[in-house]
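Feature list (source: Swiss-Prot):
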- 2-142: domain 'Globin' (DOMAIN)
- Ser4: phosphoserine (MOD_RES)
- Lys12: N6-succinyllysine (MOD_RES)
- Lys17: N6-succinyllysine (MOD_RES)
- Lys17: N6-acetyllysine (MOD_RES)
- Tyr25: phosphotyrosine (MOD_RES)
- Lys41: N6-succinyllysine (MOD_RES)
- His59: O2 binding site (BINDING)
- His88: heme b binding site (BINDING)
- Ser103: phosphoserine (MOD_RES)
- Thr109: phosphothreonine (MOD_RES)
- Ser125: phosphoserine (MOD_RES)
- Thr135: phosphothreonine (MOD_RES)
- Thr138: phosphothreonine (MOD_RES)
- Ser139: phosphoserine (MOD_RES)
Amino acid sequence: MVLSSADKNNVKACWGKIGSHAGEYGAEALERTFCSFPTTKTYFPHFDLSHGSAQVQAHGQKVADALTKAVAHINDLPNALSDLSDLHAYKLRVDPVNFKFLSHCLLVTLACHHPEEFTPAVHASLDKFFSAVSTVLTSKYR
């Protein structure tokens with residue numbers, strides 16, 4: 001999915017407003033994913049998946065950091081996320097559908113925390129961006 005200039009601007013503006021809350025929102029989105037899609041828990045058998053656990057918070061920060069990197073390199077996602085793509089494809093072997101689940105939960109989390117900025121245009125741009133990130137992360141599965 002190709003991101004237009006308007007999409008890129010919407011993503012950068014929205015992510016800029018998230019600022020220091022990115023890790024917190026990443027953890028909240030993970031918790032939502034685990035609650036809404038329980039099969040995703042199978043990838044984290046060694047984690048304490050309870051609300052507010054330090055392990056979920058730390059992984060939420062990793063998700064946020066990866067997305068922050070993706071936003072910073074929005075014109076070159078494949079190179080920016082190459083190492084992460086390798087990790088998920090060859091070592092972790094995460095089912096690609098789980099990226100869609102997490103993307104949905106990220107959208108819900110952002111909409112809850114920033115309803116005034118979460119316009120239909122921003123929603124569509126973020127959805128396209130998360131889809132593009134998911135596509136890159138699953139590109140090496142073939």
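Residue positions begin at 1 at the first shown residue.
For all residues, glycine too, the Cβ spot is worked out from N, Cα and C.
Known features from Swiss-Prot, placed on the structure.
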{"residue": "Lys12", "record": "N6-succinyllysine", "contacts (Cβ under 8 Å, 6+ apart)": "Val71, Ile74"}
{"residue": "Lys17", "record": "N6-succinyllysine", "contacts (Cβ under 8 Å, 6+ apart)": "His114, Glu117"}
{"residue": "Lys41", "record": "N6-succinyllysine", "contacts (Cβ under 8 Å, 6+ apart)": "Phe34, Leu49"}
{"residue": "His59", "record": "O2 binding site", "contacts (Cβ under 8 Å, 6+ apart)": "Gly26, Ala27, Leu30, Phe44, Phe47"}
{"residue": "His88", "record": "heme b binding site", "contacts (Cβ under 8 Å, 6+ apart)": "Val94, Leu137, Thr138"}
{"residue": "Ser103", "record": "phosphoserine", "contacts (Cβ under 8 Å, 6+ apart)": "Asp127, Phe130, Ser131, Val133, Ser134"}
{"residue": "Thr109", "record": "phosphothreonine", "contacts (Cβ under 8 Å, 6+ apart)": "Tyr25, Glu28, Ala29, Arg32"}
{"residue": "Ser125", "record": "phosphoserine", "contacts (Cβ under 8 Å, 6+ apart)": "Leu3, Ala6, Asp7, Lys8, Asn10, Val11, Cys14"}
Field: Within the domain 'Globin' (2-142), residues counted as helix, strand or coil by DSSP
entry: 111 helix, 0 strand, 30 coil
Field: Fewest other Cβ within 10 angstroms of its own Cβ, chosen from the modified residues Ser4, Tyr25, Thr135, Thr138
entry: Ser4
- prompt: Name the residues of the same chain, 6+ apart in sequence, whose Cβ is under 8 Å from the Cβ of Ser139 (phosphoserine)?
  reply: Pro78, Ser85, Ala89
Statement: If you measure between the CA atoms of Ser4 (phosphoserine) and Thr135 (phosphothreonine) and round to the nearest Å, you get 17
